[in-house]
Amino acid sequence: MNILFSRFSFLLLFLCSWTSFTFTTTEAYDALDPYGNITIKWDIMSWTGDGYVAVVTIFNFQQYRHIEAPGWQLGWSWMKKEVIWSMVGGQATEQGDCSKFKGNIPHCCKKTPAIVDLLPGTPYNQQISNCCRGGVISAWAQDPATAISSFQISVGQSGTTNTTVRAPRNITLKAPGPGYTCGPAKLVKPSRFISADKRRKTQSLLTWNITCTYSQFLARKTPTCCVSLSAFYNETIVPCPTCSCGCQNSSQAGTCVDPKIASVVPALGKNNLEPLLQCTQHMCPIRVHWHVKTSYKEYWRVKVAITNFNYNMNYSQWNLVVQHPNFDNLTKLFSFNYKPLNPYLNINDTAMLWGIKFYNDFLSQAGPVGNVQSELLFQKNPLEFTFEKGWAFPRRIYFNGDNCVMPPPDSYPWLPNASPNIATSPFVILLITFLSVLILM
């Protein structure tokens with residue numbers, strides 16, 4: 001028996017070790033956006049007396065995950081004793097110790113510089129293309145034109161040839177907080193550029209590519225949004241699960257505000273990364289409510305409402321990703337933009353929704369105007385449409401790329417027992433008839 005127990009323990013230990021080795025909780029693969037990533041392209045455009053001039057471009061190839069205010073911050077470590085002489089379209093957050101330089105003082109002398117985008121309204125002589133939006137980068141599916149950010153950097157003490165120059169290492173990307181893991185810089189084919197008149201092509205002298213992937217677990221240890229449900233055929237409103245994103249009785253006191261005294265909450269600064277939440281049973285910054293509103297003969301209607309419970313954060317260019325099998329029959333969408341993502345090729349069950357520019361693309365902080373809403377009209381497909389067993393509710397919802405906590409399926413609003421839509425077996429009908437006869441006798 002002892003030998004058998006020892007062998008079993010060894011086998012269990014081996015399986016656990018193999019599992020922990022093979023899978024990690026920080027895995028960045030996203031089934032809805034399998035090829036999504038942020039690619040940083042470092043193009044050396046010319047050589048200088050002691051270094052080079054490069055254009056660094058950040059491409060957000062993620063379909064529905066964007067970088068919101070206060071924007072991205074890009075960092076790295078120099079391989080040698082490089083310095084940044086000057087920058088256009090961006091700036092280092094710290095200059096560092098430049099005391100050994102006389103005359104021209106570098107823009108940054110730190111071994112590990114951190115670069116941020118410039119703000120809108122920057123003078124034109126300090127701008128380049130795709131800069132100066134405060135570090136905000138749109139999702140690729142939402143607005144490809146603004147899913148790019150660039151800056152120009154003049155590097156010294158770095159080498160002046162392809163063989164003497166060294167790529168930066170330990171690249172980090174904050175957007176604006178943690179969540180992204182960046183790989184090493186890889187030498188790739190030089191980038192090619194087309195002149196304004198489209199009659200001439202040029203190319204970089206040398207190009208490095210850095211790929212960064214996102215993990216929600218690395219970004220936040222707890223969820224950031226939850227989903228509540230309701231339907232016209234049931235009086236029950238299913239709330240977000242209790243403690244979806246945290247609990248009020250946590251060890252951190254003062255982390256939420258009673259909505260009755262919300263009017264006296266001091267403004268702690270726009271887009272403060274530290275949340276100040278309204279006290280709720282779910283304690284999530286964002287709640288998405290899905291309400292099955294109406295059923296017509298050939299159509300059915302849903303109302304979607306997004307509510308912000310964070311007094312320290314507003315959301316510009318927000319987006320919502322919803323999985324539901326009836327999106328293939330979406331007929332009309334009111335006051336939101338829509339784009340199918342189709343992660344499974346011909347199966348259209350995933351939709352990306354976002355606000356209309358200058359109308360409702362800005363979700364204000366918690367308060368009377370801290371919500372946006374829309375209605376969706378679906379056509380009924382006789383082969384699959386039903387209100388039974390929670391079919392009318394979404395399978396998954398993402399807000400700004402983060403997976404929201406759904407209520408358990410057994411709590412969904414069900415059809416009332418007397419509904420004609422509930423299929424009744426012949427056995428049940430026969431049993432009811434038999435009991436009725438017995439009562440009459």
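Cβ coordinates are placed from backbone N, Cα and C, and glycine is handled just like the others.
Residues or ranges marked as signal peptide by Swiss-Prot on the basis of sequence analysis: 1-28.
As annotated by Swiss-Prot, N-linked glycosylation site applies to N37 (among others). Following the DSSP three-state reduction, the secondary structure of N37 (N-linked glycosylation site) is coil. When other Cβ atoms within 10 Å of the Cβ of N37 (N-linked glycosylation site) are tallied across all protein chains shown, the result is 19.
In three-state terms derived from DSSP, N162 (N-linked glycosylation site) belongs to neither a helical nor a strand segment and is classed as coil. Packing around N162 (N-linked glycosylation site) is summarised by its Cβ count: 11 other Cβ atoms lie within 10 angstroms of its Cβ, all protein chains included. Per Swiss-Prot, the feature N-linked glycosylation site maps to N162 (among others).
Residues or ranges marked as N-linked glycosylation site by Swiss-Prot: N170 (among others). For N170 (N-linked glycosylation site), the same-chain residues 6+ apart in sequence whose C-beta sits under 8 angstroms from its C-beta are G75, W76, S77, T112.
The annotation N-linked glycosylation site is assigned in Swiss-Prot to N209 (among others). Counting only same-chain residues at least 6 apart in sequence, those with a Cβ under 8 Å from the Cβ of N209 (N-linked glycosylation site) are T39, I40, K41, W42, A185, K186, V188.
What Swiss-Prot lists as N-linked glycosylation site is N234 (among others). Cβ environment of N234 (N-linked glycosylation site): P413, W414, L415, P416 lie under 8 Å away, each six or more residues apart in the same chain.
For N249 (among others), the entry in Swiss-Prot reads N-linked glycosylation site.
Here Swiss-Prot flags N314 (among others) as N-linked glycosylation site. In the three-state DSSP scheme, N314 (N-linked glycosylation site) is classed as coil.
Around the Cβ of N329 (N-linked glycosylation site), the same chain contributes F378, Q379, K380, N381, each under 8 angstroms and 6 or more positions distant in sequence. According to DSSP, N329 (N-linked glycosylation site) sits within a helical segment. What Swiss-Prot lists as N-linked glycosylation site is N329 (among others), and the listing cites sequence analysis.
Sequence-distant neighbours of N348 (N-linked glycosylation site): residues of the same chain at least 6 apart with a C-beta under 8 Å from its C-beta are F327, D328, P340, N342. According to Swiss-Prot, the feature N-linked glycosylation site maps to N348 (among others).
For N417, the entry in Swiss-Prot reads GPI-anchor amidated asparagine.
In this structure, the CA atom of N162 (N-linked glycosylation site) is 27 Å away from the CA atom of N37 (N-linked glycosylation site). In this structure, the CA atom of N314 (N-linked glycosylation site) is 25 Å away from the CA atom of N37 (N-linked glycosylation site). According to its DSSP assignment, N170 (N-linked glycosylation site) is in a strand. The Cβ neighbour count for N314 (N-linked glycosylation site), using a 10 Å radius over every protein chain in view, is 19.
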